[in-house]
Amino acid sequence: MPAPFPHCCSLQINNTCVPGGREKIGKEKGWGGAKMAKFTLKAENFCSFLPQTTSTTVGKAFAFRDKSVGGSYFQLSPVRPSSLKFRVLCGIREKDGVKKEGETVPAVAPSHQGVNGVRVGEAKQGGGEVGFDWNWPPWKNLPPRYKLIGTTSLAFVICNMDKVNLSVAIIPMSNQFGWSSSTAGLVQSSFFWGYALSQLPGGWLAKRFGGRKVLELGVLTWSCATALVPLLAGFMPGLVFSRILVGIGEGVSPSAATDLIARTIPLQERSRAVAFVFGGLSVGSVTGLLLAPALIQHYGWESVFYLFGLFGLAWFIGFQTMVEQEASYTAEPAANSSSHEEEKSQGSSLEELGESMNDVPWKPIFKSPAVWAMIYAHFCGSWGHYNCLSWLPTYFSEALNLNLTEAAWVSILPPLASVFVTNLAAQLADKLISSGVETTTVRKFCQTVGFLAPALCMIPSAVDLGLHPWQVVGILTAGLALSSFSLSGLYCTHQDISPEYASILLGITSTTGAVPGIVGVALTGYLLDTTHSWTISLFAPSIFFYLTGTIVWLVFASSKPQNFSR
């Protein structure tokens, strides 16, 4: 299907056409090099575009082609049959041949009966100009894939806001309900139970129904469950169940995003797309850790869950509105028969997609050494990431003697630095690939940096070197920020190996990657209760998995495309 017209606007001429004047077109540079034009129409020539109005034409869309305007195509769709208010779709097919200012337009057609009895073409000449302004909203002229990536990244911002809110709120909640570190670890790890359970189903759903629909459902689920936490906090089974629902909603989102990227983004832009989408997690962590302490201090810990849940619901409603507007304004002008054939073709595509999921090549997938390298690397990276995400605020509070607000502010530093590192790593990876460096080499380099940097920077915290607390904070921040290189390593390899099964592959690796959230977060709390040592409970296991993950990745990882179906 040809690309939809890039511009659309609503035009109303006060139910009267005024002849006289001229039409002029100003060319301007469009997004991505497309030829686009801004129009300022005087009403003299507009009347000649309208067909003879009859009872059968009122309320219907009609189109015309004007060779005098550089091969432009216009479609006018009446908003209401009772008025001359039109939605105008126009596209410029050629760069040259656009009429210059000062050239006259052919004479208007004979007057005819207009809508609601108004005689079109009989008003006196010299009417006012009708201006077209289609530069708002600012993202209106962006290519659809950029809009999709932007909204997906925003969903991931909210995703991590709802993930980190408990890591801050757990401190006053533990004080209020008398929870031990083991109980607090159980509450925090319950999120990952749902997260692990939803990985493979999320990949299947994204492949079957498309990543967009799965992402919508995931955001709605985790937002509602987040808002329920304060109501269920005093009842442990209910609280655990609500966090499991949050995990289920967030668990389907990575597979949904991977499916969107694999289908819409070319290889040369993939690292940046992945970094931009998953980089929303770091922005979400920063935003959540910024807002949570102030909300808790002024309105109580309950306010964090209510407000963050509301953010997700607002995203869901806004995303629905955006999709509906995009669908209504990008319709290709075609005859009814063509539209029918297009709908039939789309329906067939969905049926074929559903049938293809009945026979996922599980055996070839699990026989691939590269897949197993991704599985173990995802497990190792998640062990360090999830434990630090859950326990660093408590570590800063207890081990470094910072209060709640200071601990939360310090916890912002690693994800804040990750925002910049993520962009740097993505630009570097795409530049290396574009310059001819083998994709596998680039992915191995980025993932190695993402593993070795945090492992080395955790050593000063694991071994008491007598450093000042702020020196420890700075070193940890640097290491955890550099772990964002993984977004241009492991997290791009799923799409590199098989765009067709990228969501399935991420579902597989994320399932094992969620196990550290279940086992590791709870185990850290248990070890902390029994040993009272942050080295044994948090840092030593993370360093071990970072180092072994690096070895396995360098030996077995590959980004060469694989045809699992064959």
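Heads up, the Cβ atoms here are built off N, Cα and C, so glycines get one too.
Please treat TrEMBL annotations as automatic predictions, because they have not gone through curation.
According to TrEMBL, the domain 'Major facilitator superfamily (MFS) profile' annotation covers 148-560.
Marked as transmembrane segment by TrEMBL: 214-236 (among others).
Residues or ranges marked as transmembrane segment by TrEMBL: 273-292 (among others).
The transmembrane segment annotation in TrEMBL covers 304-323 (among others). Using a Cβ-Cβ cut-off under 8 Å and counting only residues 6 or more beyond its ends in the same chain, the transmembrane segment (304-323) has close neighbours at 147, 151, 154-155, 158, 161-162, 165, 168-169, 212, 216, 219-220, 222-230, 288, 291-292, 295-296.
For 332-351, the entry in TrEMBL reads region 'Disordered'.
Same-chain neighbours of the transmembrane segment (445-463): 377, 380-381, 384, 425, 428-429, 471-472, 475-476, 478-480, 482-490, 534-535, 539-540, 542-543, 546-547, 549-550, 553-554, 557, counting only residues six or more beyond its ends whose CB sits under 8 Å from a CB of the stretch. Here TrEMBL flags 445-463 (among others) as transmembrane segment.
Among residues of the same chain six or more beyond the transmembrane segment (469-492), those with a C-beta under 8 A of the stretch's C-beta atoms are 270-271, 274-275, 278-279, 282, 374, 377-378, 381, 384-385, 388, 392, 396, 400-402, 410, 413-415, 417-418, 420-422, 425-426, 428-429, 442-451, 453-458, 460-461, 509, 553, 559. The annotation transmembrane segment is assigned in TrEMBL to 469-492 (among others).
Outside the transmembrane segment (504-528) by six or more residues, the chain places 181-186, 188-189, 191-193, 195-196, 199-204, 207, 247, 251, 254-255, 258, 360, 365, 371, 374-379, 381-383, 386-387, 390-391, 490, 494, 497-498, 534, 536-538, 541, 545 with a CB less than 8 A from a CB of the stretch. According to TrEMBL, the feature transmembrane segment maps to 504-528 (among others).
Summarising the annotation, TrEMBL assigns transmembrane segment to 534-556 (among others).
Sequence-distant contacts of the transmembrane segment (273-292), counting only residues of its own chain at least 6 positions beyond either end whose CB sits under 8 Å from a CB of the stretch, comprise 149-150, 152-165, 168-169, 254, 257, 261, 265, 304, 307-308, 389, 393, 408-409, 411-412, 415-416, 418-419, 422-423, 425-426, 484, 487-488, 491-492, 495.
Within its own chain, the transmembrane segment (214-236) has Cβ neighbours under 8 Å at 152, 155, 158-159, 162, 165-166, 173, 177, 187, 202, 205-206, 242-243, 245-253, 255-257, 259-260, 301-302, 305-306, 308-313, 315-316, 319-320, counting only residues six or more beyond its boundaries.
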